[in-house]
Structure formats: C-alpha cells, structure tokens
Amino acid sequence: MEPLKVEKFATAKRGNGLRAVTPLRPGELLFRSDPLAYTVCKGSRGVVCDRCLLGKEKLMRCSQCRVAKYCSAKCQKKAWPDHKRECKCLKSCKPRYPPDSVRLLGRVVFKLMDGAPSESEKLYSFYDLESNINKLTEDKKEGLRQLVMTFQHFMREEIQDASQLPPAFDLFEAFAKVICNSFTICNAEMQEVGVGLYPSISLLNHSCDPNCSIVFNGPHLLLRAVRDIEVGEELTICYLDMLMTSEERRKQLRDQYCFECDCFRCQTQDKDADMLTGDEQVWKEVQESLKKIEELKAHWKWEQVLAMCQAIISSNSERLPDINIYQLKVLDCAMDACINLGLLEEALFYGTRTMEPYRIFFPGSHPVRGVQVMKVGKLQLHQGMFPQAMKNLRLAFDIMRVTHGREHSLIEDLILLLEECDANIRAS
C-alpha cells in the first residue's frame, strides 16, 4: 500500500470512505493488501489449494482434519499458522462442513487472539467495520443467530465460552460485519474460489460506475484506478456483478449492504432495455435456470453445466438475442465449461458471441472484459486464427495493463501469448 495516494475520510452521506490525496492515472496501483483472514469457498474446496487458491489436479490433504488441501508441501507449511487451530475444529465437526462465513470468522477470531498487527488493518480495523445491525430485518437477525449457534458448535474444541474470545467481541455483531464486508476472491478466470476480509479495503464505497477496480493474485488484493481521478475525489468500486439490471442491483445492495443506490445509472435505468431484450417469458425461465447452472459451476461440475447450457441455447436460438444478460450468462458458462472440458472449438463459438455484449456492458477498462477478451484471443490462437487472435490479445493487454498491472501473473501469461502469436504470424 502507498499511503500518500489515498486517505480515509468521512463522506457527507455514506459514512467513511477513501479519497485521493494526489492526482491518479488509469492503471495506477493505489492499494495492495493480503487479507486479515480468508478461506476457500465451499464450492472450490478440494479443487484449489487452501493457501494459494490455485487449482491443481492432485492436492495434498491435511493428515489431521483431512479437509484442507494443498498444492505443495511449501504451501502446507506456510498455511499451518492459520490452519493449526481450525484444524481441530474441522476434524471434530466431520462429516458436516461449516458455512464459509463460519470458517472465515473462526480464522478472524484466531488472528485477533494472536494479537499480531495486520497490514490489512492499517487504515481500518476489524473492530471499526460497519455491522448495520440497526438496519437488519428480523429475518436477517434470526439468520445471524443461527450462524452464531453454528459457530459455537464448530469452535467448541478451541473455544468453550465467551471469556476465551477476544476482548469486547460480540459474535452476533461479528457475523453482521462479515456478511457486509467480506470480499469474494476470484481466480484468473474470474471463477469464485474464496472469501476474505480486507478491513482497510472495506472503506471503499460502492458505485455502479466506479473509478477503481479490484483484482486478485491468489488471496492478494490489488486496487487500481481505471480512469483519471482528481485530488479529493472519492475512490469507488462496484460491489456487484455488472450484468444486473438497476432493479436487481438496488435489491442486492439493499439486502446485503443496507443502503439504497440513487446513482445516475440506477435512476435512469441505464442499459436495462438492452439487458432485457427478447421474449420476457423466455428470459425469465433462463434466469431461473441460471441458479442451478451457477451452483453446478461453483462446484466445478462442467459436464452438467455444459449440458444445461447447450439445451437452453438450442431452444432459445430464435427468441433471445445474445445481448440479453441471461442468455449472455449462459453463453459465458458454456464457454467456461468447454474450456475446462478441452472442447476448444466449441468454446470459441460461444466466446465469440459474448464479445459485443461485453463491450456494451463493460465499457472502458474492466477486468471482467479484459479476461474475457484474453480467453477468446487464446482460443483463436489455438485454432490457428492468428490475425484475429493478435487483435484480441492486444485489446486484452490494453485493458489489463490498467486493471491488473504489469506485475500480475495473468499479464505475464498474456505477454507470452502475444509473443507466440507474433511468432506464428511471422512464420506464416
């Protein structure tokens, strides 16, 4: 983190925030942070390493709890300080597995009990985080009470009563903080692999048209400016998936973060008409089917994902255009499934259809579009379509040098693809 570039401040209406203390350029790194605590999300358990969050076919299982898995002895050794105490808890609760929020809070508690300062709390600590308890519905509060009971059962091997918790630590409030302050950690392909707490980054407020973006390199978080930012200007990120209508965005922001968005995009319903193009009855059916597809995708069940996507795409070929966000999400899932199953020609067919909608819905420099364009360029390269591949790989590089930065591992991969493509063009 470079503290001279940003500072904490009190906004007029939105509580605390972060603002620029120096003029910022697109692509400038504003903040880097390891998490206070993180854990593999349930769907990726056993598929990615519990420490570096990278996928690998054969993972080493922790010999004690037999739940945590690692890609190497090196990762297992580095993970031990964070895993040591939860190991007993995971072992004792088998065959049940705790919700992600329970395992995450357990790791937070152990970290706070250790008392060692964390760089992730440099501007804002876990104790400073907003809980929004006074804005929660009774149903939400009951859900938190259930989590507290689950947590107490999960942690019983290490913590038998409240006196063993950190000073002034309230479990109900702690879960409320976790729910509205945790970040979904995505891998290079933008697949959800983990969940983590980055207290200082939680100072960032939401915008449906943000001036910053976040990407991850394993569990390491990088915050960059995506456009010019003036001194004193607030730094913002988008808390949500951009492929959502204004109504969907407002509902999720209300339900999860307890505020009403009144930005220009929400007030004018910007791009909503494009997003919902096509037969309403059909896209509502696809919207419902996507819940099952996303669940299968989260558990890396690619054959089932592809089968469902193919059936939907085939039946709706004349009724839903690719710009419809639910059709677009199905195409995207179909492409990812094909890539993971080694069906590269079919993956390119689906990926190519997403390019124009992605240009419309992810304008400017957005990491999701950058990664998508890179995927399509890489598929074209493997199919021998060198001029087309070069065009898309260059476009991906222009986007990702802003969103990811030259030191990100994905940019290194992209540069190698550009060099390979250039060599093939020269040789042909």
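Just so you know, glycine gets a Cβ as well, placed from its N, Cα and C.
Annotated features in Swiss-Prot:
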{"type": "BINDING", "residues": "Arg14, Gly15, Asn16, Tyr124, Asn132, Asn181, Asn205, His206, Tyr239, Phe259", "note": "S-adenosyl-L-methionine binding site"}
{"type": "BINDING", "residues": "Cys49, Cys52, Cys71, Cys75", "note": "Zn(2+) 1 binding site"}
{"type": "BINDING", "residues": "Cys62, Cys65, His83, Cys87", "note": "Zn(2+) 2 binding site"}
{"type": "DOMAIN", "residues": "4-240", "note": "domain 'SET'"}
{"type": "MOD_RES", "residues": "Met1", "note": "N-acetylmethionine"}
{"type": "MOD_RES", "residues": "Thr22", "note": "phosphothreonine"}
{"type": "REGION", "residues": "272-428", "note": "region 'C-terminal domain'"}
{"type": "ZN_FING", "residues": "49-87", "note": "zinc finger"}
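Distances between the Cα of Tyr239 (S-adenosyl-L-methionine binding site) and those of the binding-site residues Cys52, Cys62, Cys65, Cys75 are shortest for Cys52. Only residues 6 or more beyond the boundaries of the zinc finger (49-87), in the same chain, are considered here, and those with a CB under 8 A from a CB of the stretch are 37, 39-40, 94, 97, 103, 106-107, 110-111, 158, 185, 187, 193-194, 218-219.
Cα spacing between Cys75 (Zn(2+) 1 binding site) and Cys62 (Zn(2+) 2 binding site): 11 Å, rounded to the nearest whole number. Mapped onto DSSP classes, the zinc finger (49-87) shows 15 helix, 5 strand, 19 coil.
Remark: of the binding-site residues Arg14, His83, the most isolated position is Arg14 (fewest other Cβ atoms within 10 Å of its Cβ). Take the mean position of the Cβ atoms of Cys49, Cys52, Cys71, Cys75, the recorded Zn(2+) 1 site; other residues of that chain with a Cβ within 8 Å of it are Val48, Asp50, Arg51, Leu53, Leu54, Lys56, Leu59, Tyr70, Ser72, Lys74, Gln76, Ala79. For the pair Arg14 (S-adenosyl-L-methionine binding site) and Cys71 (Zn(2+) 1 binding site), the Cα-Cα distance reads 42 Å. The Cβ neighbour count for Cys71 (Zn(2+) 1 binding site), using a 10 Å radius over every protein chain in view, is 20. Averaged across the zinc finger (49-87), the predicted model reaches a pLDDT of 96. Cys87 (Zn(2+) 2 binding site) and the residue listed as 'phosphothreonine' are 45 Å apart (CA-CA, integer value).
Over all protein chains present, the Cβ of Cys87 (Zn(2+) 2 binding site) has 20 other Cβ atoms lying within 10 Å. For the binding-site residues Cys49, Cys65, counting C-beta atoms within 10 A of each C-beta gives the highest total at Cys49.
When secondary structure is read from DSSP and collapsed to three states, Tyr239 (S-adenosyl-L-methionine binding site) falls in the coil class. Distances between the Cα of Cys49 (Zn(2+) 1 binding site) and those of the binding-site residues Cys62, Cys65, Asn205 are shortest for Cys62.
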